[in-house]
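Asks: For reference, TrEMBL lists these features for the protein:
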{"type": "ACT_SITE", "residues": "Ser153", "note": "active site, charge relay system"}
{"type": "ACT_SITE", "residues": "Asp231", "note": "active site, charge relay system"}
{"type": "ACT_SITE", "residues": "His264", "note": "active site, charge relay system"}
Amino acid sequence: MSVQTKATIASFGGKLLKLAHNASTTNCEMAFNLYLPPQTTTNSLHKVPLLIYLAGLTCTGDNGAEKGFFQHAASQKGIAILYPDTSPRGLKIEGEDESYDFGNGAGFYVDATKSPWSKGYKMYSYITQELPKAVFENFTEIDSERVSIFGHSMGGHGALTLFLKNPGKYKSVSAYAPIANPMKCPWGEKAFSGYFGEEEKGKWAEHDATELVKKWKGEPLDILIDVGTADNFYKQNQLLPENFAKAAEGKGKVNVRWQDGYDHSYFTMATFADDHVNHAARYLLEKA
């Protein structure tokens, strides 16, 4: 599966690649960013682990790469970071551009089953299968056996659900301000109604981190979650991290850190970027 390089940008001693490929799951060209740390150029035999960052509503693969400052710690630890897009682009489905929280930029990391969205809104399969396969085939310096995942808001929802739905696939997970109980919040209710149908509550539960963690039977959890006390979306009951933390009791450690005065923006993510990369590094590098 060929990948086109659109730009190469120096970043913290490594390089940030702006890439694109034709994806069968989403029926369109998908753009994404990939950060390769300096360790990939100093030793051609050295394979680096991969950390996948899932972005939030309205974002593309550029936002985290350009504003998250994750490359700082990743360059020190020797970790590649993959920044996918948040939805298919240009499918020309009626209604996909009508609102910021559904359609373009709002794929919610699910495989839609309701027409017409089922024709290309397959972000779950894209993120878990097609995109990493393309990356590992084209960038052999990345170790396909060492992968972690994290994300912000809608992407925090995606990171938590992909981790919980695929035990052992990802070494670790963390999140900023995740939509942690989408069945109970306006964003999730709108997205799941559109992508699955209002009556398909069983399908909704398959992509709700709070519901998934109740059934977790894998290794004890170690999840880092940061939420700002000035986050307006938390105040609007869109995130509900306390529901997730309560449902996870007895399943391991869920460390919800309330960051005083911080909001929902990339300023918050950049401030705690090193913490999240270091959280992943503990698992990605433990057997390196």
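Here, residue 1 is simply the first one shown, and the rest follow in order.
Just so it is clear, glycine is given a Cβ too, placed from its N, Cα and C backbone atoms.
How about a rundown of where these features are and what they're close to?
Replies: In the structure as shown, the Cβ atom of Asp231 (active site, charge relay system) sits within 10 Å of 22 other Cβ atoms.
Proximity of His264 (active site, charge relay system) to non-local residues of its own chain (separation of 6 or more, Cβ distance below 8 Å) is seen for Ser153, Ala177, Gly228, Asp231, Asn232, Phe233, Tyr234, given in sequence order.
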